[in-house]
Amino acid sequence: MRLRHLSDPDSLPALDKSFAIERPALGLAPDAPPVRILLLYGSLRARSFSRLAVEEAARLLQFFGAETRIFDPSDLPLPDQVQSDDHPAVKELRALSEWSEGQVWCSPERHGQITSVMKAQIDHLPLEMAGIRPTQGRTLAVMQVSGGSQSFNAVNTLRLLGRWMRMFTIPNQSSIAKAFQEFDAAGRMKPSPYYDRIADVMEELVRFTALVRPHREALTDRYSERKAAGHVIDEATDLSSIAIAPQPLPESETS
């Protein structure tokens, strides 16, 4: 499995738990299993700050009641490099995306844009394959790390890509400036407003994912696709047709 092992998953030294809601989605949706979140990062360096930021996000997500998986892209081929996408890393990435109900994308900003490592992962996720939609209807949180001053070029691009992949990108986002100053020697993020923003984003992602989950099929049901597939609407069973159909007046109002 190409999954990153998350060290110290329950250790949150930068989080003041006296202000943290441990299950922020309670009451927003029917009680259900933990929301499933896939996290992607955009650098293969041994001390990758996008990976370290994603690991902090995963710890917070687990504290907030989510189930997380972090994909390791270290042996992912370039798009179109392998015939018919027949590569175990590609297959595993797609399976993880299908498993997910929400995702976190975190890229370094390099030359004003996301990295090729980040883009390659997204490019390996088709809108549809054999009737399966690996990204459509999922929620998405976007993050970036920068070596210099704070910027938003990468998160803006990730938002654009999320819309292209027909995902529901949440309003909040995280951009960490001078990321090399924000992590200690052990790779843990120091307490800071940047860490607090990641906590905000993950809390919001859990809530939005819980809200969207029961309605994902309805939210991605499209006229053009029904038309192309020849799926004719049966007005006798279609709930929307029943709801807007003229209703007979009660006898007291017709007499």
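Glycine too: its Cβ is placed from the backbone N, Cα and C atoms.
If you check Swiss-Prot, you get these features:
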type    : residues                                               : note
BINDING : Ser43, Leu44, Arg45, Ala46, Arg47, Ser48, Phe49, Ser50 : FMN binding site
Any further residue of that chain within 8 Å (Cβ to the Cβ centroid of Ser43, Leu44, Arg45, Ala46, Arg47, Ser48, Phe49, Ser50) of the recorded FMN site: Tyr41, Arg51, Leu52, Pro108
DSSP three-state assignment (helix, strand or coil) for Phe49 (FMN binding site): helix
Secondary structure at Leu44 (FMN binding site), reduced by DSSP to three states: coil
